[in-house]
Structures are given as C-alpha cells and as structure tokens.
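Copied over from Swiss-Prot, here are the features:
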COILED    10-83  coiled coil
COILED    144-191  coiled coil
REGION    244-311  region 'Disordered'
MOD_RES   SER252  phosphoserine
MOD_RES   THR260  phosphothreonine
COMPBIAS  261-274  compositional bias 'Pro residues'
MOD_RES   SER262  phosphoserine
MOD_RES   SER268  phosphoserine
MOD_RES   SER272  phosphoserine
MOD_RES   SER276  phosphoserine
MOD_RES   THR280  phosphothreonine
REGION    421-443  region 'Disordered'
COMPBIAS  424-443  compositional bias 'Low complexity'
REGION    455-599  region 'Disordered'
COMPBIAS  468-477  compositional bias 'Low complexity'
MOD_RES   SER496  phosphoserine
COMPBIAS  539-559  compositional bias 'Basic and acidic residues'
COMPBIAS  585-596  compositional bias 'Low complexity'
DOMAIN    610-683  domain 'SH3'
MOD_RES   SER626  phosphoserine
Amino acid sequence: MADIKTGIFAKNVQKRLNRAQEKVLQKLGKADETKDEQFEEYVQNFKRQEAEGTRLQRELRGYLAAIKGMQEASMKLTESLHEVYEPDWYGREDVKMVGEKCDVLWEDFHQKLVDGSLLTLDTYLGQFPDIKNRIAKRSRKLVDYDSARHHLEALQSSKRKDESRISKAEEEFQKAQKVFEEFNVDLQEELPSLWSRRVGFYVNTFKNVSSLEAKFHKEIAVLCHKLYEVMTKLGDQHADKAFSIQGAPSDSGPLRIAKTPSPPEEASPLPSPTASPNHTLAPASPAPVRPRSPSQTRKGPPVPPLPKVTPTKELQQENIINFFEDNFVPEINVTTPSQNEVLEVKKEETLLDLDFDPFKPDVTPAGSAAATHSPMSQTLPWDLWTTSTDLVQPASGGSFNDFTQPQDTSLFTMQTDQNMAETEQALPTEPQAEEPPTTAAAPTAGLDLGLEMEEPKEEAAIPPGTDAGETVGTEGSTGEEAEAEKAALPAGEGESPEGAKIDVESTELASSESPQAAELEAGAPQEKVIPSVVIEPASNHEGEEHQETTTGTETREATEDVAPQGPAGEKQELATEPTPLDSQAATPAPAGAVDASLSAGDAAQELPPGFLYKVETLHDFEAANSDELTLQRGDVVLVVPSDSEADQDAGWLVGVKESDWLQYRDLATYKGLFPENFTRHLE
C-alpha cells in the first residue's frame, strides 16, 4: 500500500517537473507551443461574463437589503403614527390596518425578488467555477501534450534510435493527446453556448424585477390613498385647529440706511510751478472730517496725533509739537524745501479734532468770552493769512523780513538758491520745551518779538504740520523798530492806545527768555489779548473763490476780548498779513469796516430756533429721500437739533441752507438731513 502511494506521488512530481521544464523551454523559445486562438477568445468572453454576473449579483443583494430597510422604516413610521393617534380621532383602526398591510406588501415584495431573481442569479453563477477549473485543467493537459510530443520528436530525430523508448514515448503522447482532446472538445462546445445564454438570463431577471416592483407599487399606492383619505377627513373634523406656517414679520416701512454716504475722493491739487520755495500751498478743499470719538471731545491735554507724512521729506524732531510738557508751547522749526517743490499741507482729522483749551490764557477779563479758533486757522501756514474785511490793524513788516530778506524785498518775492542756503544756516535749532529757560533763549539772544505772532497763545494756534519759519522770523525785529511802529500809529484812531499797549507788552515779553514760563511762575494778573485771525485758503481752481466764512458769533467773541483794551471799546482784529519793510507808516482802517462787523453781528441774531452752528459743504450731496437736503459744494448750512437720536448717532445732521433761511425764514419746510462727514464746521 505504501509502495502504491509512493508511486503515485512520484508520478505526480515527475509530471510537475516535466511541465515546468516544458514551460521554461517555451518561454526561452527553444520549444514550440500549441495555441488555439479561437479557444482563447472563448476564455476571454467567459471571464467577462463571470465578472458581469458577479457584479449583478452584488447589486441585486444591495437592492434587496434596501427593500428590507424600507420595510423596517415604513413599519416604524406607521407605528409612530398609531401611537400619537388619539382614540377619539377618526380612522384610528384604518390607520392601523394600513400600516399592517404596508408591512405585508414590503415583505412579499422582498421574498418574491429573492425567489425569482436572486436564486436564479445564484444558479447562473454557480456553473462558472466548474468551467473555470476545466479551463485550467485543459491548460495543464496542453502542456503535457506538448511535452510528450517534444519528447517523441527528440527520440525520433536521434542518431541512435531506441525502438523500445520510441514506442513508449508514442504511447505517452497518444495518451496525453486523448486527455487533452476530451477537455478541449467539451469546452469548445460549452463556452460559446454559455456566452450566448447570458442574454436570455438578463432578460428574464430584469423582467421579473420590474414586474414585481410595478405590482408592489400598485398595491401600496392603494394603501397610501386610503391613508390620505383618512387624514383628509380628520382634518375636516378639526378645521379650527389647522396648522399654518407663519411667514416673515411684515415690514413696518422703509428704513433709513444707518451708514452715512462716503464723500467722493478728490485728487490732490496740481502744484503751481511759480510757487515760492518758502511757501506752502493749502489744498483746494480740505478732506472731510469724520465724527469725533469720545476720547477726542473731552477736555484736557490734546491727544498726540498718529504718525503722518510731514510737509518735509525728512522728519525732524523740530517739526513735531511736544504736547506733553507743562507749558504746552509748541516748538517749531523750518526745513526749507528744494527749489520748485511745493509741499501740500494735508488736513488730518487728529489735528482738527484737538482741543486747544489748554492754550487759553489763565486770566480772562471779566465779561469777555474766549475767542474761538476755526480749524482752518490751525492748519494753514502764516503766509496764506489775509487781512479781515471788518477791521484792519496796521502791522510792521520788518519783523518778518529782517530775518530772511533785505529791507527792499517783499516777503512773497521768489528766493534764490543762495538765499535759501543762507536761511538754513541762519536758522538756529530751538531746544525742546523741557530744557531750562536760559538755554531756550540762548540761540535767539538779542532778537526781539514781533507784534503779529509773538504772543504765546497765538503760537498755540499754529498747526504742527505747517512751516514754522514765521515764528522764528518774527524775532528779527529790534526794540527800535517796535518804538518806530508805535510812533507811526495815528493818535486820533481808537486803535492807537490798544496798539501801544500791545507793543509795550511785546517789548516786556521780549526782555524775558521764556515769556509764558515767567508769566506762569509770577502769576501776574495781567490781561492777555487773543486776536482772532481770518484765513483765506489758497485755491488751485481758476475762477473759484473758496473763502473761509467768518461767522457773527466768532466776530463778537473775538472783539469782546479786545474791547476792554482800548479807550473807546471798539471791535477790532489784528491784521496778520505782513507788509514790506519800507511801509512803516500805519494804514488806517477802512471806513465801512466797523459797519460790516456790526451788520454781521445783527445777522447772527436772526438765526433759526435752536441754532447750533454752521457748517460748509465740502462735497456735492444729492438727496435720496424727501427728508434730505440736496447740497452743492460751498453751501453753508445752519445746523439745528435733530428730532431723531438714531439719525444723529448714524452720522446725520439736521439743518437748513443759509440761503433758504435768509430768503424764506421757514425752518419746518426747508430743513432736512445731510451727512456730517460731507461738511466742516465754521463755528
């Protein structure tokens, strides 16, 4: 028995070795291989048919699983409906019956699909493994057939022929050929038949699935219609308890856009080619001022502004005002720009919103109000200041011209490069405010203070962004020129006593190194004069006169500060426009200056009820609603209190155009809303 098993095992091993050897020879090309291309095509079709059947079986199983899931979901849905259904409601038993029948239909549909389609598909795919094994066995028998054939050919072609071995090889060859032919013939007939039967199988399978699904949907539609009728009758019995979906809340009316419109951006004005290098042109129209923040409106020392572009190319320490010292006196120096370079003074909201209350005098005369300075007076350079049309106070031009120009040269004459260089060399660097008073006056020893701009409170009104050469230049006049100026004033004019007093005070202030520090330390109860300055910004547009409007309230407040100084108590303003050095004689005031000032004061009294202040329009604004004003650039609007706090908080103001008020005197008809950031304050 053991010998038999050993013989079978050895025989199988020998077959495997022969097959391996034959395959190696065929791969190396040393032995030919029997090929049947027709059969190979049958094999490829068989593999494709098997893959398609396997996928169809997988998808059908997934479909049946989904049907089972739908059955469970439908059953749970009907159970939940039966639980919430009240006993006294119509159709309680019908709802229960519909749920039970739906579950039966789902179960029947699933079972018929399993029996009619899935089992048939499993039977169809069950024949593929056997055929696949027979194809593999035929391949092995083909190798045995080729091996026996090659062995027989080798013996027959040998020189020394052994008949016994040749006859034995012939028997093995015939045996291998017979076995191979049996497998080959069966597969040659079976594979094409299997490939052709696939069409009928697909037809029967999907016809069965579609018919079962159509029957199921038809039967379950009857149950769904029955349930729909029950729910309809239940709703008719409880019509007063109908459920309605509430929509969005109704609109109460048009809402105003809370955000105020943004003003249009204007291009920077073109520089003038004839501008003097020691002058700075003001912008044609300042940028709109945004609403102040609470931190900017409270009293106290000014908040230091954020870093900004200075008029000069190089940022120097002398160009920055030190707001954190005890005296709050700005120190300003000049950096002369290059030839044919015009620097534009940009209006920053941080400087406009600064509160200059700390610069007011400590001692104010009784019955006089503090002079208010307009924002423009804090931002424009001194060389753009012009004389007020109300009253003209003569001034000495020598205090401005002695420092940088000869006596026979006007201030506005074009300077040469040589004069510019001399100016830079002649300008000393002033120390910071925290240095002792003796060191602060050392670079300017022997220089006197001028009439127009040497008052410490006027220096506070000069913006840090403007050229400060004017404050240094005013120290060039001597005490003798101040005495000559006092003598030149007319004796019969009401301004003479006041002017003389101002000159005496200027001379006394010049004798001390730090005028304001000495005043604060001594605590002398002497009265200070804060002249009101009217400024006319330069315009880059031809034919356009963009002039600062001086309001009546500002005129009255400014003149009340000056009135106690003179014997006649006249209202007057100091002229800050410099005059040439050779015109030392005083210029008398115009005949109608006092009348113009008085008429402005009378017009200020005829203002709308609740008048707050005036604003000037910087940009055109077209009204979008009937309660808004249509404004053009340059219009003056009289601001009155707003009826709605929401509009005021959103940046809207209420007012009436000054032209409409002067013409109609009807506030209720002509007032309207307008954006605050399109305007600037005039008072």
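The backbone N, Cα and C atoms fix where each Cβ goes, and this holds for glycine too.
Note on the coiled coil (144-191): mean pLDDT across this stretch is 85. All protein chains included, SER626 (phosphoserine) registers 6 other Cβ atoms within 10 Å of its own Cβ. Applying DSSP to the domain 'SH3' (610-683) sorts its residues as follows: 19 helix, 26 strand, 29 coil.
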